[in-house]
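Here is the structure we will look at.
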Amino acid sequence: RFQACVYFASVFQAMSCGIHYLASVFMAVTPNFVCGIPGNVSSVLFYNSSESSIKDIWTLWTTTENYIVVQLENGEIWELNQCSRSKREVSLDLAYEYKGNKSIFSCSDGFFYDDTKWKSTVVTEWDLVCEREWLAKLIQPTFMLGVLIGAVIFGDIADRLGRQRVIWFTSTGQFVFGIAVAFTFDYYSFVIVRFLLAMVSSGYLVVAFVYVTEFVGIKARTWASMHVHAFFAMGIMIVALVGFLAQTWWVYQIFLSVATIPFVFCCWILPETPLWLLSEERYEDAQKVINLMARWNKVSTPCKVTELCSVQQDGLVSDRMGDNDISSTKKHNILDLFCNWHMARRTITVWLIWFTGSLGYYVFSLSSVSLGGNEYLNLFLIGAVELPCYIIACIAMDKLGRRNTLIPFLILSALICVSIMFIPQDFNILIILANMAGKFSIGVAFGLIYLYTAELYPTIVRSLAVGSGSMMCRVGSVVAPFCVYLRSVWIFMPLLLVGIMALLSGILTIMLPETLGKPLTNTLVEATEMGKNKKSSSGKTPPALSGAASEKIEMFGQETVSTEK
């Protein structure tokens, strides 16, 4: 009961992360537009169609190469293109074709925008078109840069100050910065506030994975960790729903930000994880949390932290750990992930999987826009398709193991990328199905790596490991749009790159240890030995705190686990 309440309270806020990550899909959309002109328009001509207002022409607009002919009340006739306007020197008859002299002017009087679907976006708010178009294209990359930096910073802070404080700060920050975005007064303040929003959103998502992983026991760890992604996907579906209902960007942003306001009021009661408290030798605080868990779960079996930690006083453990034991008391940084050859090889492989998963996920997602139809429904389905993906991943992870699930799905992604190259271009339905299959398979690997990373590293650097992995993930998400641009070189170039990366990642994953059913490690020595001696580590209890303490704490928190173990 205790773990269930903590879990659902924590992952509820993960919806907010999914919301803010995808909010720019509709908030920064560029509608059809043409150059504005001074004066009142009396008539509008578009090919053979004549209207009294420019608004009536947008339904006929087909390509950006079109132009609109307008006649002002003073008799002047203008040709309006997207980024320029031309005044006809001879204004006799209002005709679409004109062979006479024209004077070309810049769009100094603003633009006319198509407000059929969106009354206002950040593009129309600050005229981010034509020579300012590059500013609109920077909105999502700068957000992802904030996600990248936030993952590392808050992952490190969570290892130093605790998971609880970071969850408090980042969840409150998401609400505050989310509302502040709606009230920004210009483009630059908008980008800066969204950058801060990205940092706290990424920080919460990273620490939330570690938080729920350390609170739930071995039996529920797979499903609990993987379905954090399911709540993230729900956030994507909320974006589609709110985008359909709200047609003004700042109203849309406010609605998205208040969607998870209940968590802001309840996050303050979330406790610190016992594993982190034990790693910091705060035994009394850990005992209080354990006693609270006992009362909620109605467990009468006593659990004393002093008894669980008595193994630390054993001289054999001290001799075995030697000088490396200082790792439990010193402040850790990213270099600890490369403390020896085994950990360095593991870190490089894990980072590559993170990068590949993100790159493939976004390349397949960007390709899905060719589905056509209603864009709101398409985005909703893109979020919904992830839900069965994580269910299948959980079943496979529990039955086959983390590594044995990750390897085939990475290789399957590579095979799908190759197979798409051989599908005739006029087989649209088959191409779409293959792309969705590719996204499904890379989605399994992308979701699995969060939990796998948390299990591969000890408590003292777990948040840092997940945070640095998430950093590589964001690098992949920033690279993905540029990868898609390579279609101009060769239409299958993006798929070829994703396929090569997925195949390489799948091969390197073979060298990683299996973590299914094993207790979380607490020191770098234990994490290293898990990779060195797979057979003995699966049959023996690890010697330090995680073997004795963390395993019993996990069992204690679940009523169904027998006390004999």
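Sequential numbering from 1, following the chain as shown.
The backbone N, Cα and C atoms fix where each Cβ goes, and this holds for glycine too.
Looking up the ranges 6-25, 166-185 in TrEMBL, the one annotated as transmembrane segment turns out to be 166-185. If you take every residue in the domain 'Major facilitator superfamily (MFS) profile' (59-517) and average the pLDDT, you get 81. Below 8 angstroms of C-beta separation, residues 209, 213, 221-222, 225-226, 228-229, 350, 353-354, 356-358, 360-361, 364-365, 367-368, 370-371, 385-386, 389-390, 392-393, 396-397, 402-403, 405-406, 409-410, 412-413, 416-417, 419-420, 423, 466, 469, 498, 502, 505, 512, 515 of the same chain, each at least six residues beyond the ends of the transmembrane segment (429-452), sit close to that stretch. Among residues of the same chain six or more beyond the transmembrane segment (166-185), those with a C-beta under 8 A of the stretch's C-beta atoms are 10, 13, 16-17, 20, 154, 157-158, 193-194, 196-197, 199-201, 203-204, 207-208, 211, 250-251, 253-254, 256-258, 260-261, 263-264, 267-268, 270. Only pairs six or more apart in sequence are counted, and the transmembrane segment (224-244) with the transmembrane segment (250-270) gives three or more Cβ pairs under 8 Å, enough to call it a contact. Long-range contacts of the transmembrane segment (404-423) within the same chain: residues 353, 356, 360, 393, 396-397, 430-431, 434-435, 437-438, 441-442, 444-445, 448-449, 452, 492, 495-496, 498-500, 502-503, 505-506, 509-510, 514, each at least 6 residues beyond the stretch ends and with a Cβ under 8 Å from a Cβ of the stretch.
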